[in-house]
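Annotated in TrEMBL:
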- 209-270: domain 'CBS' (DOMAIN)
- 391-449: domain 'CBS' (DOMAIN)
- 473-528: domain 'CBS' (DOMAIN)
C-alpha cells in the first residue's frame, strides 16, 4: 500500500511571518492655528469641577466620572475636526488619520455619562455619519450617543484571566450575563478593523504560511479506495491531494467525506463489497461520482474542480478561495515552468494557518482592531440556537448520544457541517462527532461489521477513543468551548490553534449549547 503513498518530508527555509507592530496614530494631534476654526484645549468632555463656595469648609467636591469614547470618521477627507455638546459646540478637536488607513480619522475623548450630540467638520463642510444614530436639532442634523456608566465589577480583562484556565467552563452564571453591559459595535469600528485586516492579508503571501519543516501526504489516483482510507487513518489526516502519474499533475483531493459517502452507499444496500473496495481505485470512484451528478440532480454532493493556489498569491485571495469553493484546505503548488509542468506541493493552506498570522501580527497592536474586544454575543457571528419566538433563524444541528451513526453521517452531509454537537436531554454539551472521527472505523475493518442504523453515536465515540491512530493526539480535548461573553480576540486565538475548527458556545455552569462559531464564520465576518 505504501508504495502508492508519496510522503515527502522536506526541510524548508524559515518563512515565518514578519511581525510589524502598528503604532497607533496620535489620538489627539497638537493644535495649530487656523483662520476659520477656533481651537481650544479646554473641552474633552471631562471638565474638572472645582469647589465653589466651600473655600473654608474643607468639603471636597467629587470630580465627574468620565469614560473614554473613541470617535471615528471613516469617510475620507484631508482635515477632519470633531465638535459637540461636550465642547459646548465652541471648541473643535482635530482628528488624526489612522496608520495604514489614511481615509479613516479618529480621536478619543473622555465623556461624562449621559446623552451627547456631535458633528464632524470635513474640509470646511459640516457632516454627520449616516451609519451612526442621528437626529435633527438646533445645529442641523447631528449624531447622538448615550454613554452608560460601566459597572464596577467583572471587567473584561479580569474575566479573561479568571476563566481562561477553566476547560470545563464551570464559571458563574453572572459572567455570561455581563455581555449585556457592553455597548453595541459601531459601524465605524467594524469598517476600520476590516480595513486593517484586509490590508494585512493583501500585503502578505501564501509563501509565509510554509513551516520550517513539514510533511505532506499525497495519494496516487491508482490507489485502491480501501488502501486510501487506511492511509488517512494511519497518517492521522482527514484529506490528501491526488496525483495523476499519467498527466504528472495534481488533480483533486481525497477526504473523509468520500469515506462517508461510500459507507452510506453500503448501508443503502449498494453492491459495493469488500472485494470491490479492494479493487476499485480512487480514479474510478471519482469518475463514478461525476457520472452520478450528471444524471441525478437530487442535491447530492458533487466533486468540485481542483482548487489550489500559488506561493505568491496574497493571503486574502487564499482565504477567499477557501470560502467561495467551500473547501477546508487549499494546496500551495509551485511550478518553475510557465505551462505548470513539474508542480511541487509545498503546503496545505487552511483558514487556521491564516488566522494564526493575523493573531501574531496584531498581538501587540490590537488597538488598531477596535472590534477585537467586543464580546461575541454582541456581534453578528456564528450560528446560534433560536430563542423562544424566533422562527427565522437556522437551527443548530444537534443529536443525542443514542442517535444512530447513520443519522450523524446524514446530518454532516446534508447540513454541510464539519461536526455535530452531542447533547443530553437538557441540551448540555456531552461530546462532539466530526467528519474526521469516521476514520476510526478503518481499524480492524470495523466499517464492514457494523450497521449504521443500529450503531449509536455513543458506540462510535467509544470506538474512536480506543482506536486512535499513531499520529493522532489522543490526550487533547475533543470539545473546544467558549462563552458568549468571551471577546472576539480570545475566540480568534483559540481557533488559531492547530486542529481547532469550531468552538461550541455554551452557557456558563450548565454547558447548555447556545451556538457554534467556526473558522469560516470568523473570516466571513472579518472580510465582510
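From the backbone N, Cα and C atoms, a Cβ is placed for every residue, glycine too.
For the domain 'CBS' (209-270), the DSSP counts in helix, strand and coil order read 24 helix, 22 strand, 16 coil. Looking only at the domain 'CBS' (391-449), the predicted model's pLDDT averages out at 86.
In the domain 'CBS' (473-528), the DSSP tally of helix, strand and coil residues is 17 helix, 15 strand, 24 coil.
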